[in-house]
Amino acid sequence: MSNQHTLLSSNLLPVGSNISTWWNFGSMLLACLALQTSTGFFLAIHYTANINLAFSSVTHILRDVPYGWAMQNLHAIGASMFFICIYTHIARGLYYGLYLNKEVWLSGTVLLMLLMATAFFGYVLPWGQMSFWAATVITNLLTAIPYLGTTLTTWFWGGFSINDPTLTRFFALHFLLPFIIISLSTIHIILLHNEGSNNPLGTNPDIDKIPFHPYHSYKDILMITLMITLLFTIMSFSPNLFNDPENFTKANPLITPQHIKPEWYFLFAYGILRSIPNKLGGTLALLMSIIILTTAPFTHTSYTRPMTFRPLTQVLFWTFITTFITITWTATKPVEPPFVLISQVASTVYFFFFIINPILGWTENKIMMSTN
């Protein structure tokens with residue numbers, strides 16, 4: 001038995017001994033993915049993708065299906081938890097220079113785009129007021145594409161407005177995309193384990209490695225347990241914490257909500273979109289707010305990998321995080337002064353992070369060289 005245990009331990013993936021709690025969010029994301037897939041499957045059994053029945057079918061799930069309320073709330077709150085984890089995961093990658101593992105970073109960026117698409121399609125499915133109008137506003141951005149825009153939008157909608165065919169295809173895509181995400185997540189993990197995890201100091205992890213189990217696996221289990229505890233606490237005491245009050249009303253194309261906005265986890269991108277008065281410019285800025293992450297591995301100029309020992313870049317990083325929160329906040333506000341100006345300034349600072357970061361890295365190199 002002892003020999004078997006030794007054999008098992010020697011085959012487990014060795015990991016750097018000093019990786020911190022920030023490295024636990026990957027496993028938390030896997031737990032979120034498993035939760036969303038399982039609860040989503042049970043919801044899909046009872047859901048009806050028809051504009052006349054969709055809203056009623058969600059009400060039926062909440063009222064009549066045994067534990068349907070738990071499934072629906074877990075799925076809705078789980079989506080928010082998913083994005084909290086993924087934004088933390090990305091911030092950790094930016095702070096500790098993990099983007100230098102190019103294949104992992106680029107596959108992760110593709111995963112983020114797929115996740116955002118999946119969440120958007122899912123938000124439309126209950127066919128509430130905000131679902132309908134958010135879908136109308138966002139899909140209408142396709143018309144900004146020169147020459148092909150109107151044709152693409154009509155093809156995407158399945159008609160000349162958002163209607164029954166749109167809801168049907170959104171449901172089909174919302175059901176299909178998670179399986180693509182699972183496949184890509186597997187590739188993401190394989191690519192990570194090809195090189196191995198980095199650490200907070202940015203030193204060579206081969207110097208001091210320990211088996212993943214039990215040292216890091218128990219840490220993963222602890223963080224997943226805390227996340228699930230928080231998830232169930234919100235579900236039990238404040239299930240509608242992340243819901244929009246407008247979405248408790250059935251979609252009505254004749255009544256426009258006073259302030260159209262998507263779910264909170266899209267507000268930073270929506271805020272950037274709104275800050276530019278031109279439709280095509282706003283659409284490009286919206287896309288670039290995600291795509292710009294792919295530039296990080298190619299613009300790294302510092303001799304040191306993480307920001308742990310780079311005070312100037314740390315100030316820039318926390319300015320970037322504050323900017324992200326500011327854009328999210330302004331996107332919840334109406335399009336009027338002073339929110340428009342705040343949003344425009346914050347959006348500019350958001351993109352400036354990716355321009356100033358390599359310049360600061362080069363400056364810090366010069367300072368280090370001069371002190372030596």
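The backbone N, Cα and C atoms fix where each Cβ goes, and this holds for glycine too.
Quick look at what Swiss-Prot annotates:
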TRANSMEM  25-45  transmembrane segment
TRANSMEM  69-90  transmembrane segment
BINDING   His75, His174  heme b b562 binding site
BINDING   His89, His188  heme b b566 binding site
TRANSMEM  105-125  transmembrane segment
TRANSMEM  170-190  transmembrane segment
BINDING   His193  ubiquinone binding site
TRANSMEM  218-238  transmembrane segment
TRANSMEM  280-300  transmembrane segment
TRANSMEM  312-332  transmembrane segment
TRANSMEM  339-358  transmembrane segment
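This view paints the features noted in Swiss-Prot onto the structure.
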residue : record                   : Cβ contacts under 8 Å, 6 or more apart
His75   : heme b b562 binding site : Gln36, Thr39, Gly40, Leu43
His89   : heme b b566 binding site : Phe25, Gly26, Leu29, Gly108
His174  : heme b b562 binding site : Gly40, Thr118, Phe121, Gly122, Leu125
His188  : heme b b566 binding site : Val104, Ser107, Gly108, Leu111
His193  : ubiquinone binding site  : Leu13
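280-300 is the stretch from 25-45, 69-90, 280-300, 312-332, 339-358 with the greatest number of Cβ pairs below 8 Å to the transmembrane segment (105-125).
Counting residues 6+ beyond its ends, the transmembrane segment (69-90) has Cβ neighbours under 8 Å at 22, 25-26, 28-29, 32-33, 35-36, 39-40, 42-43, 58, 61-63, 108, 112, 115, 119, 122, 227, 230-231, 234-235, 239, 241-243, 263-265, 293, 324 in the same chain.
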